[in-house]
Structures are given as structure tokens and as C-alpha cells.
Amino acid sequence: MSESLRDSAERQFQKTLSLMQEGKLEEALKELEQAEETAKFLLKDPKNEFFQSNFQKSFDDVFTLGYNLHKIGRFSQAQNFYELSLLISQKLLNNDPENIAYQSYVGGTLNNLGNLLSDMGRIEEAKQRYEKALEMRQKLLKNGPENVSYQSYVGKTLNNLGNLLKNMGLVEEAKQRYEKALIIYEKLLESDSENVSYQSYVGMILNNLGTLLSEMGFIEEAKQRYEKTLEIYEKLPENVSYQSYVGTTLNNLGNLLSDIGLIEEAKQRYEKALKMRQKLLNNDPKNIAYQSDVAMTLNNLGNLLKNMGLVEEAKQRYEEALEIYEKLLESDPENVSYQFYIGGTLSNSGALLSNMGFIEEAKQRYEKALEIYTEPMQYLTIGRKTHSIMKLIELNTEQAKKDNQYDQMRCLKEAVELCKKYQDFFIKYELKHERELVTGAGLSAYIDFLLKNIRAEPNTGKRAGEYKKAIKAVEELKSVEEDEAVSKLCDSTSYYLSGRKLVNEALSSKQPNLELLNQAIEQFKKATETYEKANVCYCVYTGLFEILTEIEKSKEVDVPRLKNVVEEVTRTLSDDDNPSICASFMDLPQIFEEKDCKTRDKLLFDFLEKINSIEYRPLENLFEYIHRRTKDYFEEPFNPIKLIYENWKLKVIFDDPEKVKSKLTIKAGNRTLFNKFLTSEEKENNSLEIDYLEKKYFPEGKDEITFSVRGQKKPVIKSIDYFESIQGNKKIRILQHDCCNNSFEGSNLRIAAVQLKYHAYEEDSIVKLTADEAYYRKIMAILEAVKEKADILVFPEFSIPFEYLEDIQQYADENGVIVVAGSHYVQEKNLEKYGKLFIREFREEDLRKNISPIVIPDSKIIHNEKALAARDERGCGFEEGMEAGEVNHILKLREDLRVGVMICYEYVTDDLRKRLIRACDVILVPQTNPSPKIFYRKANSELNIQLCAGNRAHVMVNGIYTWGKDKTTIHGGSTGVVLTLDKHSYSKLGENETVIEPVDGVMEQFVYIMSINTDFNTSRDTQTGQEPITLKLIHIFEEAEIPDKLKEKGREFVEIINRINSCNDHNALKCMLIKERGSIEKKTDDVETSLIKQFSPLTNKHIQNLDERKIEELKEKCLFLVIPNN
């Protein structure tokens, strides 16, 4: 670069920067173009002293220039200077890669460039800049984790990226970014609670999160975020920026309230937001952000007023919004965001005017929208432009049905021209489905245009030529259509038009051509096969053919015979046919009674003309189908053909992904399940999959799933019944029951698993329980013993009869404990009683179901139904077995904690178990099971490979029971828990340490209390101060169980227990336990001398290691619940 050129460039650049620093923006802009070129020259010259000595200042100046240009809406110029500042900062960083200030410059410029590109609607480019900025800023934070500026930088970029991802429809990713940003700023605010900047950012992120949650269908949560935002903003100083934030939140809250039908409240919020935003704009009329904000709220208020039926007020708001948006777009015609907003308001205004009956004005709005879009188009505006084109075609074809002949022709011609004009647009942006619709509508309008033209044409020869054009258009329509229905309609239309062409050719001369007329009849006959209305022409021209044949037989017409033929013909015509046709036929014999030949020829010619101009009603089918299909594009553009629900996933199969050109929103009720653009893979597979668990959505039996795409008038609604197929094609419905009102708090979930003794037997195809007064007292004593020690109490399968449930419900209400009350078979004698206690009533079809009642405090009882019978429950031959159930409830204790219940054999069924594993943190398995080892094998295989994150636990609750006629052999036992553990805890506990196996072959009764740390994260090997689980036993001892020959020793054992329970001296208790315990090895003398070992080998095992234990820990090793004889 020459010295003079360099000097000139430096002066030009300095002058521009000086003007910007002085705030003389308009003057600076005049120097802008030359300054841009100057900057490029300077940057290419590495030896330039100006840049060498003032590089950092140059960066600051250029960055400020870009920021100020962005602020006043000069986006393209702002981009140039941001790009320039990025080049400068990267050059600085290249020269000194470890310089954190330069790293910060690059990160800041990338972030602001992302903001600018987002405002310009260049979404993908903006996303790339944000991600690079985030990477750079996170690197800074990693090296200086206590630096509050770095923390704030990361928080800002996360928030910005969240905004962008939300607009792209990537709602889950956006939510993650917002939540991370919120954590950062809340932590900053904690350290400096008076910092208004931190308060402001917390409010801003809460507002953004509220908007996102609203879109996702979490209405209450969104409302809470907005209200919390307003609460924060109201405390901030009277600063214009903070007032602007309040306006934004009020506007968003208005959107939310409008969506949930609270119209008046929404109106109040919009009006308050509008007042606030207009005040800001009045004080700073050139501020483009304030202008855009006012226009947005006016548009939203217009939508609300339109829905309220206040059409004139709505129209006024739209016009006011348009006036502002048009000025913004005039200042920056290529700004995609402005195009998007003004296009939306023009469409809203067009729809309103159309509903009001002002079709021409509505068309003007859509035409105006088409003028604003510039190439290359972004995804934001492609959908808008498509909508305007198709609405114009729809309005023109609608108008062609109603107006006079001239206006009908004009509207049809406009529709045809629109279709021709925008073919390239649909091809360029691969809008296959829309192109097909538009092409079909265009050709249909062209055919309609030709036929209206034919009707006005008196010359039959010319009419035949026009029919030929129409036939060619129909053939072209068929060739471009993939719709089978359109193809069939085209065939029928083609036959019909061919028939009309042949009729006109046959009647074009004074002497009708009967051969051509006969060919025409054959064409009408073919059309009739799929086109009922073509039957009119078939019957009329068949009748005409017979009449003309009769006339041609002789020079003199036999009038009486002709009358008979006419009567036969008119009888074939239905009452729906044009009555004037029948009248014309009936008048025909009178024509031939006319003596004057010229008059007779004239009357006959008029008759043939009248017959030839039969209404073309058969084509109404084609026109109506094509028009309805275009109309359906707006009302039901996306219509899934099949929904499949399996393993917590909803699979949506659709016929044509090309129908979805904008974000597809799928909701279950108010809950948003999907809100984004289809991926190329989803389009290719014609399907998408929604994982309900990832969405934290648990269905409640049945749902109405709604599908909507931007611009459609009404959503498509599909019903779904959430049955899952499991082993043997059995159907089961997995439901969630919300127990959050029971206020489970803290990290430790306390579960009491009861292993108790009972006798079960089979009678009348069901399993029954021997339950006397002593058994009832035992159950009540167990409930009393654990009431302050457990959150959930679980009894084994079959162990609780129906008759105990009312007392257990009272216990649950009084103590806030959830009780899984074993299970029992539904019996006929109790059918009418269930409704009093259970959420649902039971009917005859529920007989012989094995159900597990889940007793919840302050609620009616819910239940699970055993879906798969164990061996002893299955029917055989003439003997009925257990009736398969079809309901399973998951208990939601809090947002991040769910408990499942599986009855015995269900657990070893992979299909059902794997479904619950994905959904539940804890699974409870009440069972009456002689072989529990397979259950633990399954549990270990699942939990050791850690299919799911977190501290997952599966609790096996088995009884010790006798079965049938054999009342001496005891089965079952081995109650225990299997959980995911980190390596250290696993090696410490061992594989079976948490399972209570029989000691010395003796099965005992106990309550196994496990406190599971739900915050424990198994993915980390070491967690300071964290215990995954703590365990203790309450041993159950029944005096009634002591054999007669051991009565005396039994009383002594009870006395020992009482002494242990009452001893509060550490040394005395330790000595007592050492004295009373026996060896853990099998020796005859130990059995004779140690009553603890004799009556409770399990207790004896647990009191072996007593050193270094506090008195509370010693006592917990030998907790006993004694059940007396009376």
C-alpha cells in the first residue's frame, strides 16, 4: 500500500471513529462506506503503524461502532464492523494466545455478532457464533472460576443461545441453556443481592423461561416465572431498560393468559404492556427496539380482539402495528425478522378482513406481504410467503363462486397467474406438497375459466375447440398429481369433457351428426361410472339420440309416435335434473306440428342449443375437491395416519412430511410434547418419536393429541388409549398418581418392608388368607411400630385382606404414611364395597383379579392389578385361574422421585419391568414367592449395568408362609433391596449384604427399614459425606409362635428383650448383649445356652460386632416388636 493511500485511509477511519465517539451518528454514517474500505486496507497491511500502535483502541472503537449501528437498526453496516472487530480481536489473540483480555474480546464480539444475526433472522449463522462465543467464555471461566465477569459472560451467552434455540423449536435444548444461565445469575445475586444488573438478568431469564414453558404446555409453571419476573422488575429503579423488561413480561403474560382462555386478564396485560411500551417510545421515538415492541403488542392485542369478536378494534390495532413495521422495514428492507413480523401482521389483518367479508381488501394484504420478502429467504419467511400465496389462491377461487360472470373470470385468471408466477419459488425451496396443491388449484381454476368462457360462446364449433383445451388441462393436472382421488376425478372429467366436445361437434351443423352423438354418449357413460352427476348428460343425450334417430327415419315425422318416445325419455330423467330440459323435450312434438318450415327449423335449432348448454355440474366434484384440499391445508395441513404408543414412546407416522414447512407442535391436553421443525431423518422415515419420560410426561389413560402447524385454522386431533403390550400380547395401562401433596421432603426415602408369617390357600379359583383376631393385632402392631420411621410401608402379596383396608386408610391419614397393603383377590362379596374406599368402583369383570391396594394419606385408595399369574394362580382345564389385570400405578412423590409397584411374578417379566425401570427411581415388589433368587438375579443384572442414572433401588418384600393343606412347611423369606452403587460402596456392601437371608435355616419375621439417599449419584465413585443407603431391622416375635415345650424359655427370652429395651447404660448394655449372644457357628452347647440364638438367629448374627458402637447403635442392633398372646 502506498504511503499516501495509507495516510488517507487512516484519516478517513479516524474521522469516522471520532464522529461516532461524539455521538454524531448521522454524519458518521456518511463516511461509513469509505471507512469500511479503509478498514480492509489497514487490516491487510501488517506493518501499518496506526494499527500496530493502537490495535486495542482500534478494536474498542470498531466494536463500539458496530454496537451503535446495531442499536439504531443499521444491521448490514453493523455486521461489517462487528466482523471487522472480530478480525482485529482474533489478530490480537493470534499474537498473544494466552492473553485473557484478547480472549474476552473475541468471545464478546462473537456473542454480539450472534445477537445481530439473530435479529436479522439468519438463525444458523447466529447459532454458530453463539456456540463459539460460549466455548471461548467457558474457557475463560474454567481458568478463573471465581471471576464474576466471566460468570456473567457465560450466563449472557447461555441466555442468548436459549432464545435462539427456542425460536428454532429446540425447546428441550433451550430449556437447558436457560436453566444453566439462571443458576449462574442466581448465584451471582446471592453474593451481591443489591446488584440491579444481576436482578435484571435473573428477571430476564425467568421471563424467557416462562415463554418457553408456556410453549411446552407447562402453563402454571410459566405463569409463576412471569409473576416472579414482574416481582423482581418492580423492585428495580425507574430505569428505561427495566421498564422495557416489564413491558416484555406483561406482553408474554398476555400471550399465556390468552392461550388458556383468560381473555379479559390477557387484555389487561396487553393494554398495560402497550401503555408502558408507548411511553418508552414517546421518550425515544427513534429507538427501533421500542418501535418493534409496540408493534408486537398491537399485533397481539389485535389477535385477541379478533377472537373476542371486536373486529373494528382489532382492525385498528393491526393497522397501527403495520404502520410501525412498514417504517422499520423501509429502513432495512432485507431484515428477515422485520419481514417475518410484518408478514404475520398482514396475514392476521387479511384473515380478519376476509372474515368481515372484505375479500378485495384481504387480498391486498396478502399481495402486500408477497412484495416484502427478499432473496435468499430464511426459514422464518418461507412459511409466511407460502401462506400468503395459498391464501390468495383460496380467496380468488372462493370469490369465483359468488361474483358476477366478469368478476368470476377475473378471479379465476388471477388464481391461474399466481400459480404460474410462484412455481419457481416452490421448486427452489423444495416445497413439494405446496407446489402440488398450487399446481392443482391453478389447473382447476384454468379449467373453470375455460368452461365459463365456453358458456358465453354462442358458436358450437368454437365451443368444441375450447373443450379440447380443457381436456388437455385435465390431462396435465392428472400427470402432476399423486393424489389417487384427484386422478380418478380427472379421468371422469376427461370423459365428460370429451362427451361435451363431441356433442358440440355433432350439433355444429344444421343436420346433427348421430355418429358423433353416439360417441359422446359412450364418453358420458364412462364418466358416469365414477361421476354420478355425469348421469344427467348420459340420460339427456341418450334420449336426444333416440329422438333424432326417430326423426331421421322418414321425411315426415310421426308426431304421435314422437310424443311416445319423448315420454319414455323424460321418464329416465330424475327429479333433480334441470326441469327446463324436461320441458324442452316435452315441447319437441309441438315443433313438428308447426306447418311453416322456416319457423320449425328455427324452433328445432333453439331446442338443440338449449340441450347443448346443459349446466356442467359434473365438474363441481373436481373443483370442490381441489378447493377443499387447498382449504384443508390451512385447517388440517398435517394429519398423522397412525399413532403407536410403546415403552413410554409415542411414534407418529404420517403420510406426507412435505406438509410441515414450519414448526410442528404436538400437545397432549395443554402439555407440549413436540415443538420444532422436522429433521431430515424424520422426513425420510415419514415418522417421528416422542420419548414421554424425557419430556417428564406421564399419561393418564387416554389423551386427545393435537397436531398443529403455524397458519392452520384448527389443530388435527387424534385420540389415543395408552395401553402397552406385554408378554403374551396382554394389555396393560401404566398410570401416574400424584402424591406430591403428601409433602415428602429431604433426600432420604424411608421404606419399611415387612416380612411376616401367614397361611395362604386356594379356594374357588382364588388365593385366600387365614386371618384371625391375632393376625389382625399383629398387623396393627406393625403399623404402630413404624409410624414415625417410614414414608412407605410395604406388606407381602396376599398378606392383607380387604377387611383391614378401612383401618389402614385411617392409619395412613393420621400418620402421613403410604401403605402398599400386600394384595388380595377381588371377591364377589366385596364388589359393592370398593367404591367407598377406592378411587374407582369394581365390576363383575374384575372378579378374581389379584390387586395390590396402595393406601395414600388423605386420598382414596388406588390399586395395581397383577397382569401375569404365577404358576399356582393359573387356570387349568375346567378350573379358572387369576383374571389378568390391566392397570399399574406409578407414585409421583415429587418432581424427581417416582416409585413403582410390581406384584410378584410381574417383576421377572422383562417387558413390564424394563418399562418401569425407565420411569421409576424405586420399585417395590410385594410377593408370596418360594424362590426369590431369580428376582435378585434380574435386579442385579438391571441395576449393575445402570440403565438409568441416579440411586435406583428395587425392594423385594416376601412373606414367610405356609401353603394349602401343609401348615408346617415354611416358604419364602429373603426380603431385601438391590440398588445401584458406586464401586466403593458396592465392594463394601457386597452383592447380597442388603438381602436378609435365613440364618441357620430359620425364617423370621421382621420389618426391614431402609433409608435410601435419593440424591446419591452413582456415576461418581466418591462423594464426601454421602451414604447411598442405611439399614436397620425391627425383629417381630410372636408369643403365640412358641411351641409348648419351649414356653418357659420363651418367657425368659421375652424378659431378655425387655431388659435390653429398658437398658440405657452403654457398658451394661454391651455386657448384657455379649453375655446373651451365642456363637455364629453351629454348636449344640450354644443353642442350649443362648436364648437369643435359639429364638432369633438373625438377631444373634447382628449383635456379634459391638465394639466402637454408641448406645443408640447398640440398641438399634436388637430392636424387637413383641406380639403378646392377648
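Heads up, the Cβ atoms here are built off N, Cα and C, so glycines get one too.
Quick look at what TrEMBL annotates:
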type	residues	note
COILED	18-45	coiled coil
DOMAIN	749-1003	domain 'CN hydrolase'
REPEAT	107-140	repeat 'TPR'
REPEAT	162-195	repeat 'TPR'
REPEAT	254-287	repeat 'TPR'
REPEAT	302-335	repeat 'TPR'
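If one looks beyond the repeat 'TPR' (254-287) by at least 6 residues along the same chain, the residues whose Cβ comes under 8 Å of a Cβ in the stretch are 72, 210-211, 214, 219, 222-223, 226, 240, 243-244, 246-248, 293-294, 297-298, 300-301, 303-305, 307-308, 670. Sequence-remote contacts of a segment are chain residues at least 6 beyond its ends whose Cβ falls under 8 Å from one of its Cβ atoms, and for the repeat 'TPR' (302-335) they are 73-76, 119-121, 254, 258, 263, 266-267, 270, 288, 291-292, 294-296, 341-342, 345-346, 348-349, 351-353, 355-356, 372, 374.
The average pLDDT computed over the repeat 'TPR' (162-195) stands at 86. Remark: secondary structure over the repeat 'TPR' (254-287) totals 27 helix, 0 strand, 7 coil, with classes taken from DSSP.
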